[in-house]
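Some notes on the structure that comes next.
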Amino acid sequence: MTLTITNIRRPNSETLESITLENGLIKGWNLPAEGEIIDGKGGTLAPALIELHAHLREPGQTEKEDLASGLAAAAAGGYGTVVSMPNTSPVVDDPAIVRSLIEKANRLGFARLRPAAALTRGQTGETLAELTFLQDAGAAMFTDDGRTNEDARVLRLGLEYAGSLGMVVSVHAEDASLRADGVMNEGAVSEALGLPGNPAAAEAARVARDLEIVAGLQAQDRPVRLHVQHLSTARALDLVREAKRRGLPVTCEVCPHHLTLTDEALRSFDSIYKVAPPLRTQADADSLLAGLLDGSVDCIATDHAPHTRAEKERDLLTAPSGIAYIELAFPLMWTRFGATLGLERLLDLMTQAPARVMGWPEPSLEAGAPADLTVFDLHTERTVNPAEFKSKAKFTPWAGESLRGWPMLTVVGGAVAYRREA
Ligand code: DOR
């Protein structure tokens, strides 16, 4: 299959060019147009975004999201690859589930799926899952995300075992006993609202513990790879920064919601803002942005976590945690931080950097590279209208906002996975 996209620019170039894709790969630039021809309308072409952290809810929670809606939403957001989280029902701790998810996703033709598998059976944190068989089935990484790894010895074993397989272990770093029943950041706002708080120390303490485990394993020359998910506090990021200085094999991600929202949003008592780890203070958000600039944060992930409207309409004490917005993550980041980060750094944080975290080949625009590509319209403002979302979660904190940077076309394996209608 051959596809030519005309009238596109490479990032930070004014020159209009064309690119031809054949058999899933980039054939070359500015060749005579052949096959299907799509007008890129002056948009900017980049490698498709890579999402290391999304909840697609299959199997078992398809009232919230499913592979079709989640992967279509991802493609509409400019993503070519999605790592799905295993906190489903049942948990993705069985090679047969990993295989069936991949087969089903391949048939859909939206974004590619690289499922994460649970590190422990049933994500209970007690017994390691069958990591080798899960890897053989196609698991991309191991994580008990959604849950925390309370038993440090089991996590250590998991890091050691996964590391010997060359696999990343990714952790939701919150100390459950410190977090307790906190539903929002602990601080002036939680006190004013009379809501149970989740202290910054819950994240920092857990990150410190996990880094010590990694340091110990590294000292024994074990090939460990720890990835810390959705860092939300300045203090925890400082710990990761310091660990990197010491040469520890650790990477971390931050999420656009922790960069753009703070605990002040909870004054609305709207559970749409309830997320784990919680929205923190402006000082924390500023530190996370500084981390993106100084390189101590490796990549951006969304933690797209859809729930039903009825669930998110419950009160803050009982509603589930999670914000869903994979369709607008890039426009949100580009509109809010494009001037600060610059296009190349932002694209790197959402394409090459996630690939580096995973040890995957770095996406590129050169001939011979996989044809996973996105064309962005960096200039036209559009109002966020959740009714148009492909995700089942048709509500978002950014509804009604005017954003730039919308994907116009997403190509996965040389085939169109998303094309904006107008
Ligand atoms: O806010 C969150 N929602 N954080 C998590 O760790 C899990 C996720 C979910 O599964 O809804």
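Just so it is clear, glycine is given a Cβ too, placed from its N, Cα and C backbone atoms.
As annotated by TrEMBL, domain 'Dihydroorotase catalytic' applies to 45-211.
All chains included, 25 other C-beta atoms sit within 10 angstroms of the C-beta of HIS55 (Zn(2+) 1 binding site). Annotation source TrEMBL lists Zn(2+) 1 binding site at HIS53, HIS55, ASP145, ASP303.
Take the CB of ASN87 (substrate binding site) and look out to 10 A: across all protein chains shown you find 20 other CB atoms. In this structure, ASN87 (substrate binding site) belongs to neither helix nor strand by DSSP; it is coil. Taken from TrEMBL, the feature substrate binding site applies to HIS55, LEU56, ARG57, ASN87, HIS307.
Taken from TrEMBL, the feature Zn(2+) 2 binding site covers ASP145, HIS172, HIS230. A simple way to gauge crowding: the CB of HIS172 (Zn(2+) 2 binding site) has 22 other CB atoms within 10 angstroms, across all the protein chains here.
Cα separation, ASN87 (substrate binding site) to ASP303 (Zn(2+) 1 binding site), rounded: 12 Å. For the recorded site, ARG57 (substrate binding site), the DSSP three-state label reads coil. If you compare Cα positions, HIS53 (Zn(2+) 1 binding site) sits closest to HIS230 out of the binding-site residues HIS172, HIS230, HIS307. Note on proximity: among ARG57, HIS172, HIS230, HIS307, the binding-site residues of the record, the Cα nearest ASP145 (Zn(2+) 1 binding site) is that of HIS172.
With a cut-off of under 6 Å between the Cβ and any atom of ligand 1, the binding-site residues LEU56, ARG57, ASN87, HIS172 reduce to ASN87, HIS172.
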